[in-house]
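Q: The feature transmembrane segment is assigned by TrEMBL to B:6-26, B:38-56, B:62-80, B:87-106, B:139-160, B:188-210, B:216-233, B:245-268, B:274-291. Annotation source TrEMBL lists region 'Disordered' at B:307-328.
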Amino acid sequence: MLRLVGVSKIYNAGTSDEKAALKGIDLDVREGELVTIIGSNGAGKSTLLNVIAGTITPDEGHIVLDGTDITDWPEHRRSRWIARVFQDPAAGTAPNMTIEENLALALARDGRRTFRRGVTDERRQAFRERVRQLGIGLENRLGVKVGALSGGERQALALLMATLCRPKLLLLDEHTAALDPKRAAWVSELTVGLIRELKLTALMVTHNMKQAIEMGDRLIMMDEGEVILTYEGEAKRSLTVERLLQSFERVRGSMLDTDRAVLA
Amino acid sequence: MAAALIGAVEAGLIFGVMALGVYLSFRVLNFPDLTVDGSFVTGAALASILVVYGVSPWTANLAAFVAGATAGLITGVLHAWGKINPLLSGILMMIALYSINLRIMGRPNIPLLHQRTMWTDLAPWTERLQTVVPGADHLIVLFVLGLMVLAMKLILDWFLKTEIGLAVRATGDSPRMVRSFSGDTRRFIVLGLAVSNAYVAFAGALMAQYGGFADIGMGIGMIVVGLASVIIGETLFRQTSLHRLTAAVIAGAVLYRIIIALALRARFLETGDVKLITALIVILALVLPEWRGGRKMTKAKPASRILRPLPSEGGEVGASPGGRLQDL
């Protein structure tokens with residue numbers, strides 16, 4: 001489904017601040033697979049997601065989605081196929097627009113926008129049904145501005161919007177990190193539910209090791225722009241946080257910087 | 001006094017059309033577009049010269065609309081594709097338009113005193129009405145202007161509710177979101193600025209025919225007038241729904257003209273003081289709510305953007321561990 005071949009990205013090349021964010025990443029994500037990505041701050045997780053989404057152009061390498069080389073495609077063209085939920089609840093929704101207007105915008109993932117009315121009665125009915133699945137009563141507040149919602153509600157809505165038109169690939173960039181633990185757990189549950197229901201292929205960056213171990217079909221750990229550990233199948237099922245930390249030490253010869261990586 | 005007030009309302013309605021354009025760029029697109037000072041004159045200049053050459057004033061209005069759209073389009077392209085900062089894009093276009101406007105007019109001032117304008121076209125109607133209702137000449141001007149402003153408002157309301165309009169609004173609100181839903185934000189900025197300046201230039205054309213002249217200097221400070229109207233409308237009416245906000249903006253423009261008309265009755269003030277008064281109104285409107293601890297007049301930022309620096313587009317490099325807030 002998604003293939004990365006030798007993808008590299010260097011920030012501030014040629015200066016004293018030079019930093020290799022990605023060092024020749026090769027990654028093959030299968031159809032219907034959920035891959036969780038962990039790593040400490042600066043490991044290159046977000047850069048990886050940004051390179052796939054098209055926010056950042058890689059210096060080297062190719063990105064192939066469903067057989068098409070999309071390396072040179074701008075972000076707005078890739079998003080016909082690639083959906084995204086950001087860490088910042090303000091980024092994935094438009095706060096000064098109503099819930100139904102946000103959903104209408106999300107409906108145009110094919111990039112075809114016309115001078116027809118964005119929110120029609122027919123669409124409103126469909127939105128109501130879809131939003132009802134969240135189970136938080138948003139179906140009765142479709143005309144409310146998104147800015148009036150809580151962070152958790154906004155992330156849930158952003159998730160719903162991202163999957164409103166089934167994308168080929170879903171990118172989740174620490175989308176629960178700005179929420180309190182209870183709401184984060186709820187949004188994670190929603191995420192897993194939606195991915196299963198729509199049989200989505202997804203990449204999820206998280207700081208939460210336990211979550212990364214519990215969720216998904218494959219776990220990859222990044223460090224200094226490289227994929228250093230990969231677990232799937234039986235190896236992933238028997239994985240624990242302690243084992244993961246031990247493996248990191250074995251590979252890297254040092255302790256993982258844990259102030260950013262949440263253990264629990 | 002009554003005549004002065006009616007005059008203020010009429011001019012206010014014309015400025016209302018311009019204020020709608022300023023509302024679109026400043027508030028909806030979140031783009032402080034200074035092209036306005038130039039495009040207002042472009043509209044006035046083009047409509048005037050066309051009228052002088054015998055073109056129908058209604059066609060001239062339409063031409064002004066298109067010319068304004070072109071000016072906005074260029075400002076948008078300078079910013080979106082040329083990657084020039086929004087303020088500078090507008091200033092560059094404004095200054096370029098000064099020369100262009102002079103070229104259009106051929107001289108700094110075009111009087112329209114004995115030309116066919118919208119108002120001379122309406123004269124037969126006015127006369128007929130005047131035989132029934134004495135003093136109707138001013139009323140019909142008010143009525144026609146009111147209808148035109150209403151039409152322009154309804155068109156803007158409609159536009160902002162279309163699929164494309166929603167994308168334009170979201171571009172000012174959350175550009176990253178638009179790009180993540182197959183929207184090229186550059187195009188929406190260009191489109192928004194084109195519509196915005198089309199409105200401004202159209203208002204310029206109306207103003208030239210209403211005032212009976214086009215002048216190269218008539219656009220100076222227009223952006224501040226527009227902003228004053230938007231702020232007065234927003235502050236006094238405190239509306240949140242789109243169609244009420246656009247109505248509030250027009251009402252703000254009318255109120256602005258009334259305030260100016262009243263202020264000018266003070267003996268120590270001269271006509272030339274208008275721009276100073278305008279600046280003071282905007283300054284007061286910006287500063288007073290700060291003192292009262294009320295709503296800030298600059299576009300309210302979501303708390304998250306104020307409290308926590310966004311991670312740079314470059315990813316994790318600059319993100320600070322302490323910057324993580326629980327539940328925004």
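For all residues, glycine too, the Cβ spot is worked out from N, Cα and C.
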Q: Under 8 Å, at least 3 Cβ pairs, sequence separation 6 or more: does that hold for the transmembrane segment (B:6-26) versus the transmembrane segment (B:245-268)?
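A: Counting Cβ pairs under 8 Å (6 or more apart in sequence), the transmembrane segment (B:6-26) reaches the transmembrane segment (B:245-268), since there are 3 or more.
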Q: Which of B:62-80, B:87-106, B:216-233 has the most Cβ pairs closer than 8 Å to the transmembrane segment (B:188-210)?
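A: Per the Cβ count, the answer is B:62-80.
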Q: Below 8 angstroms Cβ to Cβ, which residues of this chain, lying six or more residues outside the transmembrane segment (B:139-160), approach it?
A: 6, 9-10, 13-14, 16-17, 20, 24, 28, 118-119, 122, 125-126, 129, 133, 166, 168-169, 195, 199, 202, 206, 210, 242-243, 246-247, 250
Q: Hey, which bits of the same chain come close to the transmembrane segment (B:216-233), Cβ under 8 Å, at least six residues off its ends?
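A: Beyond its ends, the transmembrane segment (B:216-233) has Cβ neighbours at 15-16, 18-19, 21-23, 26-27, 33-34, 36-41, 44-45, 98, 101-102, 105, 108-109, 200, 204, 207-208, 245, 248-253, 255-256, 275, 278-279, 281-282, 285-286, 297.
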Q: Checking distant contacts: for the transmembrane segment (B:274-291), what same-chain residues at least six beyond its ends satisfy Cβ-Cβ under 8 A?
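A: The answer is 220-221, 224-225, 227-228, 231-232, 235, 256, 259-260, 263-264, 297-298.
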